[in-house]
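Sequence annotations record features per position, and here TrEMBL assigns transmembrane segment to B:29-51, B:96-115, B:127-147, B:178-203, B:224-246, B:288-306. Annotation comment: TrEMBL describes B:90-305 as domain 'ABC transmembrane type-1'.
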Amino acid sequence: MKTIHLLAAASIAVASGLGATRAHADELTLCWAAWDPANALIELSKDFEQKSGHKMSFEFVPWPNFADRMLNELNSGGQLCDLMIGDSQWIGLGAEAGHYVKLNDFFAAEGISMDDFIPATVTGYAEWPKGTPNYWALPAFGDVVGWTYRKDWFERPELRAEFKEKYGRELEAPNTLAELKDIAEFFQGREIDGKTVYGAAIYTERGSEGITMGVTNALYNFGFEYDDPENPYHLDGFVNSPEAVAGLEFYKQLYDCCTPPGSSDWYMSENIDAYKSGQVALQMNFAFIWPGVNADPNVGGERSGYFPNPAGPGGHFAQLGGQGISVVSYSDSKDAALEYIKWFAQPEIQSRWWDLGGYSALRAVVEDPGFATSQPYAQTFLDSMAIVKDFWAEPAYASLLLSMQERVHNYVIAGQGTAQEALDALVADWVEVFEDEGKL
Amino acid sequence: MSETAMDRIAKATPPRVARRIKGFSDRTIAWIFVAPTIFLLLAVNIFPLIWTIRLSFTNYRANRPNAELDWVGLRNYQRILNDGDIWQTMQATAHFLFWTLFFQVLIGFALAWLINRKFKGNDLWTTIIVLPMMLSPAVVGNFWTLLYQPQIGLFNNIVAYFTGADPTSFSMIGDVALAPWAIVIVDTWMWTPFVMLICLAGLRSIPDSIYEAAECDRASKWRQFWTITVPMVLPFLMLAVLFRGIENFKMFDLVVQLTGGGPGNTTTLTSIELKREAFEKWRTGYSSAYGIILFVTVFGLASIYVKALNKVKER
């Protein structure tokens, strides 16, 4: 009898416990791009499911279609996503069109401080308008364009000797864009282990954002500015300055001299494939790929090295990537979504995020004394995050981006017109966009 | 007196329904039957068209439905017609349209003529030839991207084998001069079988007696071809051209998969440009005007063509 009572009591306790969980349990959908870090996030989120009782599901879209698919979802007021890890440039649209929930009050109530995150990621992923304390996202994934190189090739004595004889310096990771081009030229068409290899895989993709994310790494470092720092939206003489023209010409020269044949429409995955298959000595890509490169059986470990985007005559910058995590205002589960953000912001979760291959933007993680040596690419990540610059994050960013894709691709890949003409045309396009937006 | 179809329908009508429609004229009943179709047509075709025309005179953006709507008059139309990039996409579309139709008609007719002759394995060859058109354009696009790959692509290596050129020395989808031909080749590969099937239907519809009569008149094969085969297949061929022309005017998926519209704007066809304006830049008013211009162009050209087709049929 006693046993029966105990069983009954246990059953009631279990049932009531389950009932309590069910009463508060939501099913949350998190939307992001389909890439390696997304898989790491699934693994990380199991802890949230266990602790909160909420069930997580994920909607991941490949990068070339990510913006299209997700912006359509937001623009149509869709309820597919409760949480959105949207690209940094969407923040203006997300805030102004009311797609994202403003998080200031939530951060204040939960003691989440933006001072605890890398400043560049707060500006890039969370703030709108830029430079103001209005937060629409929590920095979720720090990312930046950097370079990977074949360290094992660079260490070969015969190649080092030949390079030194030709260029008068050691074959090392480049410090300047000019040095980078020399190295790419040196490897272009060379026979290594019986196979023809090429200099560099760079971003050239036409359809989404590829070539813009690539060319800006040259433009910024030659002196390109988006607008007059003293006079916002005044573009002429900044976007198409002589320095910007030189930067664009440099990128075209790099494409013409030192890239694999047929690389006229390459972005992240094509560059990874070219590098991992041993086609190229250098690879431009976002830092998110580095854990994968490091673990690769063919090019990983000691065979690869990493360096930040090299400096140019006009400065030292790198194109910011990465995303913040936002709560979608059309969600029916906003409270649960906020719970997820609160859980995600915890230092121990952020630390685990880094361990799994996600790039944490929390200062407690990246400023930890052991961080820089925790992975072969960790120091390069820190150095790169210190020099970031981002594309427009205006609500009309898509129009601005597509114009740049068109103008730059026309010049760099199709070889139509001059760099000056391309940037003059870009100024005209952007002026039209800002006029339509009522900002000019 | 035998029972008519109307009598049978009247008998089969349930009494409840019969009571309800009693007293309705034939015209009213006809309207009752036609009304749902008319309603659907109005809702799905006519209303969106009128709405698009209205939007084309505004600065409306579908991603900002709450923003103030300004009446911009003909500004969108002016911008489109004065935009060099738009004319470049029109040129790219015209190039694509002309050459795909040219090659598909030529090869499609030749294949149909060969297949129409009785030989062993005829059915097998027909099936093999028709295979490409059964594939998804997205699959074909990806597949040909690999074939065109300069280092490992079969296409480049075959060209290299016959010409002695280095396969990595040219890029079909990366070169401004070659990319427009790259998309023509793939579309021709995929859709020639369609033209072939229509031509085959035309060829098989020609009665043997006509050829027999021509044989009796001692007409040469060449003469039979030009005076019997071609004129009798022509309406079918023109129909195939109409179908393929309309399809290729709105070509999108295959080209996006192959080239993304590049290099530069070289293979950016009007449909790709329209999609970018409408669903990436979200310039709904502007893209509505663009859509109307394209609609008028296609509608006008198709009307002229259909008139010509009818004249050929009447001959």
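Even glycines carry a Cβ here, placed using N, Cα and C.
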Candidates B:29-51, B:96-115, B:127-147, B:224-246, B:288-306; stretch with most C-beta pairs under 8 Å toward the transmembrane segment (B:178-203): B:96-115
Candidate ranges B:29-51, B:127-147, B:224-246, B:288-306 - greatest C-beta contact count to the transmembrane segment (B:96-115) (under 8 angstroms): B:224-246
Remote residues contacting the transmembrane segment (B:288-306) - C-beta distance under 8 A, at least 6 residues beyond either end: 49, 52-53, 55-57, 60, 76-77, 80-81, 86, 238, 241-242, 245-246, 249, 270, 273-274, 277-278
